[in-house]
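Visitor: I'd like to ask some things about the structure below.
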């Protein structure tokens, strides 16, 4: 009705001004005055019409849509919070009641028999996949060969996919050195790199001497186990025939390399403390971390061995074995030294694989999990909802969409109320639970939050690529170890090296940073909350990442 009346007034004023202009016989000043009235009437009507139309469209469509997005994010926030509290309660239960694996499962130290001697020890195969690992090959091979285990019951298998002839010779020299000391070490090579790591592991299992082994241990080239690793882990498999996997925790030797490695340490420590510990305690299932784990050969064979259909062959094998009813044991007290990516580009590629691969595996295995009849309905629910849907998909997307899109955009919608519990209290409690895993880094919590939000953009993109199976879904990342850092590059590497400055610039981070900065400025001048303080910090984090000033 208001629009209709304004239209009538506009027509009336326009007609009067036009008639006055056409038929008025006075001076030219009067004609100019009439023309001015006509122009004013038209401009006023245009502004009135535009304002009215915009407000109505905003109130009828934009605001309700934004409210729906906020409500959806609030629901997801509660689900993430409940999941986090549940995992931490399980960990607390383990600590308070001392429910360590040694008390839950049978464990007895391996001992020699007077008559049989070493025959009481099972045959163990140690696999070390590597690709042009010049800087760490001596460390990794040496650590594997120093494992305390009868030499006649241990086989060390170096799966060398190196393309550099010099590095191949170094591997041969190192293997020959340990062979001369009595270690049964084999160096196996392929004429192709099909399947990458999964392909190398699968090919390594085809050799005749592997059939003599009962268990297989996998160490990536930058992992250095302690000599007593097998003595702590293998007894769980020997005395518990229902156990298929024993996983050790990672310990990071270069965590103090830079601020980025410190924040990675916080995230991964929480992953092991909460996700792996709670999964092992409550469901006897968790994802194999791809290294520092001991597998039962029979379980691997029953599950179908290594598959290279995704970039997370370790998780693929774990899920298939879990669906067959096999149990997994996580040893929080058993640690293996490893390294963290210290370059931002390397870390981005790694996070892409770690987010894209699980999402793609979920797409491929969802129906297989639902139709499975060998595990309980609760374990299937845990796999579908908690393990995959919530932790591997929803968390990544929610973090970016809510904290980097919805919250910044909310400054333009003062009529939409976002409760404080969703923006402050719940995130604070979740963050506190995460920081507990790394107490020494408590003072870095603000930097960790901002950095995790930046990385959530890459994880969200990787998740969608995995779910939709787009072009980069099977992109494999080779991690070249440098002794104290990791250097990552794509395979194959095509073309000439580009400008170093351009390689440091990340346009996506810069664009998101500029948008959040604009929202922060708007909130500062026109908002009535302190949200702009967070937005300014988050914008700076995106912009710093955008120009490559992260990592070494």
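If you go along the chain as it appears here, the first residue is 1 and each next one adds 1.
The backbone N, Cα and C atoms fix where each Cβ goes, glycine too.
What Swiss-Prot records for this protein is below:
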- 62-82: transmembrane segment (TRANSMEM)
- 161: active site (ACT_SITE)
- 220, 222: substrate binding site (BINDING)
- 314: active site (ACT_SITE)
- 393-413: transmembrane segment (TRANSMEM)
- 430-450: transmembrane segment (TRANSMEM)
- 509-529: transmembrane segment (TRANSMEM)
- 530-550: transmembrane segment (TRANSMEM)
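Neighbours and distances for these, please.
Guide: Look at residue 161 (active site): DSSP puts it in coil. Counting only residues at least six positions away in the same chain, the Cβ atoms of 129, 130, 131, 189, 190, 193, 196, 200 sit under 8 Å from the Cβ of residue 161 (active site).
Its own atom aside, the Cβ of residue 220 (substrate binding site) has 22 Cβ atoms within 10 angstroms in the protein chains shown.
Under 8 Å, Cβ to Cβ, and six or more positions away along its own chain, residue 314 (active site) finds 287, 288, 289, 290, 291. For the recorded site, residue 314 (active site), the DSSP three-state label reads helix.
If one looks beyond the transmembrane segment (393-413) by at least 6 residues along the same chain, the residues whose Cβ comes under 8 Å of a Cβ in the stretch are 63, 66, 69-70, 73, 76-77, 79-80, 355, 358-359, 362, 423, 452-453, 456-457, 459-460, 462-464, 467, 512, 515-516, 519-520, 522-523, 526-527, 531-532, 534-535, 538, 542.
Within the chain, the transmembrane segment (509-529) has long-range Cβ neighbours (under 8 A, six or more residues past its boundaries) at 404, 408-409, 411-412, 414, 454, 457, 535-536, 538-543, 545-547.
Within the chain carrying the transmembrane segment (530-550), a Cβ under 8 angstroms from the stretch's Cβ atoms is held by residues 259-260, 344, 403-404, 407-408, 410-411, 423, 446, 450-451, 453-454, 503-510, 512-514, 516-517, 519-521, 523-524, all 6 or more beyond its ends.
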